Amino acid sequence: MRIFKTNVLLRFVNSYIIDSPQPANLSYLWNFGSLLALCLIIQILTGCFLAMHYIPNVDLAFDSIEHIMRDVDNGYILRYTHANVASFFFIFIYVHIGRGLWYGSYRAPRVLLWSIGVIILVLMMAIGFLGYVLPFGQMSLWGATVITNLLSAIPIFGQDIVELIWGGFSVSNATLNRFFSLHYILPFVLAALAVAHMIALHTHGSSNPNGLTSNGDRYAMYPYFIFKDLVTIFAFFLVLSIIVFFYPNLMGHSDNYIPANPMVTPSSIVPEWYLLPFYAILRSIPNKLLGVLAMFGSLLILLIMPFVDFSRTRGNKTLNPINMVFFTIFVCNFITLGLVGANHATEPFIFLGQVCTTIYFAYFFVIVPVTSILQNTFLDIATIINKSA
């Protein structure tokens with residue numbers, strides 16, 4: 001193992017993966033970082049192989065996907081693995097963010113770590129949207145048309161920006177070429193951000209369920225936490241294999257198996273499932289510009305968490321029953337937003353979406369600051385009582 005400490009490149013690997021000291025009390029919720037790294041590697045590899053056979057042309061894109069499925073050796077495995085790992089990627093990052101919110105991992109000194117993570121989430125959504133357009137089925141075409149048209153809400157320059165993205169006056173060959181180029185290159189930018197995320201993590205070390213910084217009770221990453229990560233990695237491969245080989249279209253949309261036809265509008269136009277909560281927020285506001293701002297704001301609002309949580313304690317929210325109740329409501333509300341986004345924009349889903357959107361933003365702007373101030377007040381009262389006793 002001496003080479004890991006003397007070689008310039010391997011010393012970096014040793015510092016971050018092998019000898020990195022980790023808190024002894026990390027639970028399995030801390031395993032999602034390694035699962036996300038694995039998903040990114042799988043996506044880049046399968047994406048590179050798929051790009052060898054894909055043709056970014058409006059007349060040939062759909063047929064090239066069918067060629068991959070039917071004629072390329074194990075092409076169907078490549079395509080279904082790429083599509084389903086994308087879904088798992090978002091499942092894992094939502095749990096990863098939820099864990100950060102639950103345990104206060106966004107608190108100083110890890111503000112930079114949290115901020116990079118939010119940027120990664122936004123970039124992932126952009127990459128996912130670009131990839132959804134590439135098969136050029138019905139949902140791809142109309143999804144691209146609707147989502148890119150949102151930019152027309154920008155005053156004065158909106159329509160010009162939309163036409164610049166399209167490369168014309170509608171989704172066309174130029175659009176598909178641009179989306180393919182960006183979908184190919186942006187995952188490498190995502191990988192660079194993931195490395196920056198790791199560097200920021202290594203600077204102050206990983207958080208832990210108690211929220212306490214302790215340099216004494218730590219173990220090396222290898223072998224303890226490496227083998228712990230392998231448990232969830234093997235479980236992930238088991239579930240992924242079952243879905244890829246038995247239920248490959250479980251998280252897909254049937255309309256995307258119909259070639260794109262600009263003359264026929266699908267009965268419902270919905271994005272991929274992992275974008276549905278934010279799509280519901282967009283639809284819940286009648287004004288187009290305000291809806292677009294709310295949708296992007298619902299992502300970027302995560303950046304303010306380190307500044308609106310005034311609590312003097314950190315760690316598990318079970319230490320504060322009030323926070324625990326409101327966080328549970330927030331999670332249920334987020335899931336409800338996803339269900340609302342999957343349904344048509346009719347009553348009662350319009351009203352339900354507006355209520356859920358209000359709760360979503362209220363959690364960050366009202367609930368977190370108020371509950372943290374209440375917690376500090378109760379702690380001060382308890383301290384005064386203990387001193388006077």
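Note: Cβ is positioned from N, Cα and C throughout, glycine not excepted.
These features come from Swiss-Prot:
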type: TRANSMEM; residues: 32-52; note: transmembrane segment
type: TRANSMEM; residues: 76-98; note: transmembrane segment
type: BINDING; residues: His82, His183; note: heme b b562 binding site
type: BINDING; residues: His96, His197; note: heme b b566 binding site
type: TRANSMEM; residues: 113-133; note: transmembrane segment
type: TRANSMEM; residues: 179-199; note: transmembrane segment
type: BINDING; residues: His202; note: ubiquinone binding site
type: TRANSMEM; residues: 225-245; note: transmembrane segment
type: TRANSMEM; residues: 289-309; note: transmembrane segment
type: TRANSMEM; residues: 322-342; note: transmembrane segment
type: TRANSMEM; residues: 349-369; note: transmembrane segment
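Proximity of the transmembrane segment (349-369) to the transmembrane segment (76-98) is not established, fewer than 3 Cβ-Cβ distances being under 8 Å for residue pairs spaced 6 or more apart. A Cβ distance under 8 Å defines the sequence-distant neighbours of the transmembrane segment (113-133), meaning residues of its chain 6+ beyond its ends; these are 86, 89-90, 93, 96-97, 100, 105-106, 139-141, 143-144, 147, 171, 175-176, 179-180, 182-183, 186-187, 189-190, 193-194, 196-197, 200-201, 203-204, 271-272, 274-275, 278, 299-300, 302-303, 305-306. Sequence-distant neighbours of His82 (heme b b562 binding site) (same chain, 6+ apart, CB under 8 A from its CB) are Ile42, Gln43, Thr46, Gly47, Leu50.
His197 (heme b b566 binding site) and His183 (heme b b562 binding site) are 21 Å apart (CA-CA, integer value). Taking Cβ-Cβ distances under 8 Å and a sequence separation of 6 or more, the neighbours of His96 (heme b b566 binding site) in its chain are Phe32, Gly33, Leu36, Gly117. Listed as Cβ neighbours of the transmembrane segment (32-52) (distance under 8 Å, sequence separation of 6 or more from its ends, same chain) are residues 68, 78-79, 81-82, 85-86, 88-89, 92-93, 95-96, 99, 180, 183-184, 187-188, 190-191, 194, 229, 232-233, 236. Neighbour counts were taken as the number of other C-beta atoms within 10 angstroms of each residue's C-beta; across the binding-site residues His183, His197, His202, the minimum falls on His202.
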